[in-house]
Amino acid sequence: MDFSKLPKIRDEDKESTFGYVHGVSGPVVTACDMAGAAMYELVRVGHSELVGEIIRLEGDMATIQVYEETSGVSVGDPVLRTGKPLSVELGPGIMGAIFDGIQRPLSDISSQTQSIYIPRGVNVSALSRDVKWDFTPCKNLRVGSHITGGDIYGIVNENSLIKHKIMLPPRNRGTVTYIAPPGNYDTSDVVLELEFEGIKEKFSMVQVWPVRQVRPVTEKLPANHPLLTGQRVLDALFPCVQGGTTAIPGAFGCGKTVISQSLSKYSNSDVIIYVGCGERGNEMSEVLRDFPELTMEVDGKVESIMKRTALVANTSNMPVAAREASIYTGITLSEYFRDMGYHVSMMADSTSRWAEALREISGRLAEMPADSGYPAYLGARLASFYERAGRVKCLGNPEREGSVSIVGAVSPPGGDFSDPVTSATLGIVQVFWGLDKKLAQRKHFPSVNWLISYSKYMRALDEYYDKHFTEFVPLRTKAKEILQEEEDLAEIVQLVGKASLAETDKITLEVAKLIKDDFLQQNGYTPYDRFCPFYKTVGMLSNMIAFYDMARRAVETTAQSDNKITWSIIREHMGEILYKLSSMKFKDPVKDGEAKIKADYAQLLEDMQNAFRSLED
């Protein structure tokens with residue numbers, strides 16, 4: 001939002017636009033003489049003009065949550081109404097930028113103040129007015145054309161990855177009386193003028209949108225394309241869709257942040273919005289340090305990942321109230337890129353801190369607390385946030401589809417999944433990637449527990465798999481069965497040892513170990529394994545399940561004959577094959593390429609069939 005354009009206390013002539021501070025309690029300020037103010041209206045509090053938002057009105061008293069440190073505000077200080085809700089600026093310049101929770105650009109503030117701290121009451125516009133952008137109007141638009149909300153009327157090449165489509169704000173329409181010719185313009189220049197019912201309106205490349213309002217769409221569509229993360233355990237066993245909602249709950253040190261960062265690095269999304277909401281500051285600085293160095297290959301060209309990423313940083317040492325705003329800022333930015341027809345992923349790390357901010361404000365308002373002191377409306381607030389995800393048909397012309405996928409990390413205290421935030425989140429989201437402390441302690445990463453996690457998008461994706469990877473669905477079912485059987489056998493093994501098991505059960509145990517150690521486990525810090533394309537995932541799983549089927553068949557068919565094949569015989573004769581199976585993951589998709597990896601896996605399958613044939617003979 002352009003805070004420099006908001007009214008200032010010293011410029012006001014009439015005292016009627018002022019209220020006065022009546023009481024201060026942490027981030028919550030009460031003000032009197034506020035008759036005529038609206039809910040969620042922005043106000044400037046005190047002589048240092050702190051940004052705040054009205055969250056309750058009673059008579060002429062307003063309760064305000066202030067997004068900055070309130071020390072020094074005293075009773076009788078002026079409170080200025082702005083007449084606007086908390087809004088964000090949407091236009092060229094968002095990609096690659098880093099904002100705080102109320103969309104103030106941190107790099108601009110730092111260059112202005114020459115300090116590592118944000119001063120109070122700072123006035124900076126969210127999108128720079130000095131940068132010139134190369135604007136190209138759409139070919140089919142000319143003076144006299146009719147245009148409605150959501151129509152694309154121009155294109156700005158923001159960078160080599162993102163074509164920024166300039167859209168008419170959703171609530172406007174009219175006849176074009178002027179459209180700017182191709183050329184360089186800054187974000188305050190008029191590029192379009194419309195006339196509707198005799199009233200003329202001018203538009204620049206920036207539109208302002210209130211964060212608590214959902215951006216309108218033509219219709220919501222069912223999701224049908226997977227969100228590929230590059231993590232085998234997630235893509236194979238618990239897939240999410242583009243336009244889906246996912247929760248990653250886990251205790252500290254389980255690797256939530258690593259999973260959400262690898263999602264933003266390697267997923268098949270066009271745009272990434274990463275919201276660090278109340279997490280440690282050094283995690284955000286790690287993102288800022290790593291992302292500019294990370295590259296991705298697009299059409300043979302190497303590009304920086306930062307070009308498709310926007311960061312909203314609201315770390316744990318920033319004021320609490322702005323945490324609540326940062327989630328809404330992030331989702332509004334995501335919806336804006338969705339309306340252009342892009343597939344957007346939004347990472348919220350972590351929604352627990354957001355809920356704690358709600359709890360603190362609710363406590364200061366003396367509202368009735370519910371479970372664990374959280375407000376009674378916690379579930380409704382979480383739902384209203386997650387429901388803004390989805391695949392949609394965008395408003396306006398030309399026709400286009402976009403999607404917003406939300407991945408919310410949840411940090412339950414002590415890893416307790418019965419915590420109110422976790423249980424409320426699980427009631428809303430469709431995919432649950434549960435992280436396990438025990439797996440993390442065994443250094444098994446990503447530490448997704450394959451027994452408690454689930455995805456409700458399996459059915460929605462069947463059509464996609466049938467079309468592109470026909471053999472995949474039965475493989476996944478089989479792998480899950482093997483892992484479940486292994487869990488059931490684990491108790492027996494602890495009591496009586498492995499030796500007393502049936503031969504087929506021994507095979508189940510060994511293949512489950514193979515799947516766990518060499519398929520589900522993945523080292524995110526190695527070049528060959530930090531990202532696993534889906535064809536490699538399917539190829540690896542297919543060979544492991546083929547080995548399981550052949551071994552079981554060999555044992556079952558020779559069980560009655562004299563020369564019985566047992567698991568120990570198979571292991572003795574197939575040392576080489578087992579070694580090759582467990583080293584399938586070392587194939588580097590970047591160096592070796594798809595064709596070579598597929599050929600190697602097919603060769604391994606052939607070697608396996610020959611080895612079993614010679615064993616049975």
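Glycine too: its Cβ is placed from the backbone N, Cα and C atoms.
Annotated in Swiss-Prot:
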type	residues	note
BINDING	GLY250, ALA251, PHE252, GLY253, CYS254, GLY255, LYS256, THR257	ATP binding site
MOD_RES	THR136	phosphothreonine
MOD_RES	SER384	phosphoserine
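Cβ neighbour density within 10 Å is lowest for GLY253 among the binding-site residues GLY250, GLY253, GLY255. A separation of roughly 29 Å, to the nearest angstrom, links the Cα atoms of GLY253 (ATP binding site) and the residue listed as 'phosphoserine'.
Rounded to a whole value, the Cα-Cα separation of CYS254 (ATP binding site) and THR136 (phosphothreonine) is 47 Å. Residue pair GLY255 (ATP binding site) / SER384 (phosphoserine) shows a Cα separation of 27 Å.
Nearest Cα neighbour of the residue listed as 'phosphothreonine' among the listed binding-site residues (GLY250, ALA251, PHE252, LYS256, THR257): THR257. Taking CA atoms as the reference points, PHE252 (ATP binding site) and the residue listed as 'phosphoserine' are 27 Å apart.
A count of other CB atoms within 10 A of each Cβ picks out THR257 as the most crowded of the recorded positions THR136, THR257, SER384. In this view, PHE252 (ATP binding site) is surrounded by 11 other Cβ atoms within 10 Å of its Cβ, with every protein chain counted. For LYS256 (ATP binding site) paired with the residue listed as 'phosphoserine', the C-alpha to C-alpha distance reads 23 Å.
Listed in sequence order, SER411, PRO412, GLY414, GLY415, LEU435, LYS437, ALA440 are the same-chain residues at least 6 apart in sequence whose CB falls under 8 Å from the CB of ALA251 (ATP binding site). THR257 (ATP binding site) and SER384 (phosphoserine) are 24 Å apart (CA-CA, integer value).
Neighbours of the ATP site: apart from GLY250, ALA251, PHE252, GLY253, CYS254, GLY255, LYS256, THR257, residues of the same chain with C-beta atoms within 8 angstroms of the site's C-beta centroid are SER411, LEU435, ALA440, SER447.
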